[in-house]
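Colleague: Attaching a single structure in structure tokens format; questions to follow.
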Amino acid sequence: MTFAVSVGGRRVDCEPGQTLLEAFLRGGVWMPNSCNQGTCGTCKLQVLSGEVDHGGAPEDTLSAEERASGLALACQARPLADTEVRSTADAGRVTHPLRDLTATVLEVADIARDTRRVLLGLAEPLAFEAGQYVELVVPGSGARRQYSLANTADEDKVLELHVRRVPGGVATDGWLFDGLAAGDRVEATGPLGDFHLPPPDEDDGGPMVLIGGGTGLAPLVGIARTALARHPSREVLLYHGVRGAADLYDLGRFAEIAEEHPGFRFVPVLSDEPDPAYRGGFPTDAFVEDVPSGRGWSGWLCGPPAMVEAGVKAFKRRRMSPRRIHREKFTPAS
């Protein structure tokens, strides 16, 4: 049965089986979201009227007390009646609608140790913001896996994904690293996620630091390129934390960006396998060494939870404003 759901004065229809988050995003109504698995709590909202089924919302993300008080996770909750909710102050603004996509694989290339670049071609342009992600449907399993977009929004008919092999992973070992080839069809949904730049009229052109761990580099590439397109002379530091030199990729691309934009600097940092050509240690520590004060800077973090948390501490240590800190944790698939 279809129910009407509303937030911030905007109303959409929620079709059978859809979560509140999916209904709002498909209707072009923005709702804070990140993991889409119920683990991060970004999409937590207040149910003002109506009733919802909380689905698979984990207890550690949405406690029994919170459920009793009317809180819900938009990515897990499904309405059981017409429902009105309250979210953040910006919820309800128009955004890029969530879409079902059928893409054609244009290229599959090994670019680093256990890392592949996958290029997907679309018949119709996809409106998105650099830094958002798409969900791929794993053939034959019904499983869905999330991959950040590495390209910019003007490249709207090609989706660039950076994929790291997960031993035993249903998506990587069973598909993306074993059998996926140019010409294959891929089913996906997108765009999703809040990890992107503010609108151009809210972007002050100030200095930025972006820290990515492993393939957490992917969304940062699109964000950095978009930021430089808006303000070509801005200072942008992009740190890539990996285990060893064999895990680095796209060094030529970053050299070209640096040549075009003198304020851009790419800093690889190796944690486990020392190499005299690169810095050792952790990218979050490298930032602390390089930037005496983070006042006026904005910070972007993407990668494993431990790295992201270390980055938040590093930014705060350098007195970066909390409202300028943006993060995207790579969490295990549920």
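Glycine residues also receive a Cβ, built from the backbone N, Cα and C atoms like all the rest.
As listed in Swiss-Prot for this protein:
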DOMAIN    1-91  domain '2Fe-2S ferredoxin-type'
BINDING   CYS35, CYS40, CYS43, CYS75  [2Fe-2S] cluster binding site
DOMAIN    98-198  domain 'FAD-binding FR-type'
BINDING   ARG145, GLN146, TYR147, SER148, HIS162, VAL163, ARG164, VAL170, ALA171, THR172, THR215, PHE330, SER334  FAD binding site
Colleague: I need the least crowded one of these binding-site residues (CYS40, ALA171), counting other C-beta atoms within 10 angstroms of each C-beta.
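Modeller: Output over binding-site residues CYS40, ALA171: least Cβ neighbours within 10 Å is CYS40.
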Colleague: Show which residues of the chain containing HIS162 (FAD binding site), separated from it by at least 6 in sequence, have their CB under 8 Å from its CB.
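Modeller: Long-range Cβ contacts: ILE111, THR115, ARG116, ARG117, TYR147, SER148, ALA150, THR215, LEU217, ALA218, TYR249.
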Colleague: DSSP says what for the domain '2Fe-2S ferredoxin-type' (1-91): how many helix, strand, coil residues?
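Modeller: Breakdown, helix to coil: 12 helix, 28 strand, 51 coil.
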Colleague: For the domain 'FAD-binding FR-type' (98-198), would you mind checking the mean pLDDT of the predicted model?
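Modeller: Mean pLDDT for the domain 'FAD-binding FR-type' (98-198): 95.
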Colleague: Using CYS43 ([2Fe-2S] cluster binding site) as the reference point, find which of the binding-site residues ARG145, ARG164, ALA171 has the shortest Cα-to-Cα distance to it.
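Modeller: Ranked by Cα distance from CYS43 ([2Fe-2S] cluster binding site), first place goes to ARG145.
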Colleague: Which chain neighbours of the [2Fe-2S] cluster site, leaving out CYS35, CYS40, CYS43, CYS75, have a Cβ atom within 8 Å of the mean position of the site's Cβ atoms?
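Modeller: What remains near the Cβ centre is LEU21, ASN33, SER34, ASN36, GLN37, GLY38, THR39, GLY41, THR42, LEU73, ALA74.
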Colleague: When you rank CYS35, CYS40, CYS75 by Cα distance to ARG164 (FAD binding site), which of the binding-site residues ends up on top as the closest?
Modeller: CYS35
Colleague: Measuring Cα to Cα, how many Å separate CYS40 ([2Fe-2S] cluster binding site) from ARG145 (FAD binding site)?
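Modeller: With distance taken Cα to Cα, ARG145 (FAD binding site) is 16 Å from CYS40 ([2Fe-2S] cluster binding site).
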Colleague: Tally every other Cβ atom lying within 10 Å of the Cβ atom of THR215 (FAD binding site).
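Modeller: Other Cβ atoms within 10 Å of THR215 (FAD binding site): 26.
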Colleague: Please count the residues of the domain 'FAD-binding FR-type' (98-198) that DSSP assigns to helix (H, G, I), strand (E, B) and coil.
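Modeller: Taking the domain 'FAD-binding FR-type' (98-198) as a whole: 5 helix, 48 strand, 48 coil.
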Colleague: In whole Å, how far does the CA atom of ARG145 (FAD binding site) lie from that of CYS75 ([2Fe-2S] cluster binding site)?
Modeller: 15
Colleague: I'd like the Cβ neighbour count for CYS35 ([2Fe-2S] cluster binding site), meaning other Cβ atoms within 10 Å of its Cβ, all protein chains included.
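Modeller: A count of 22.
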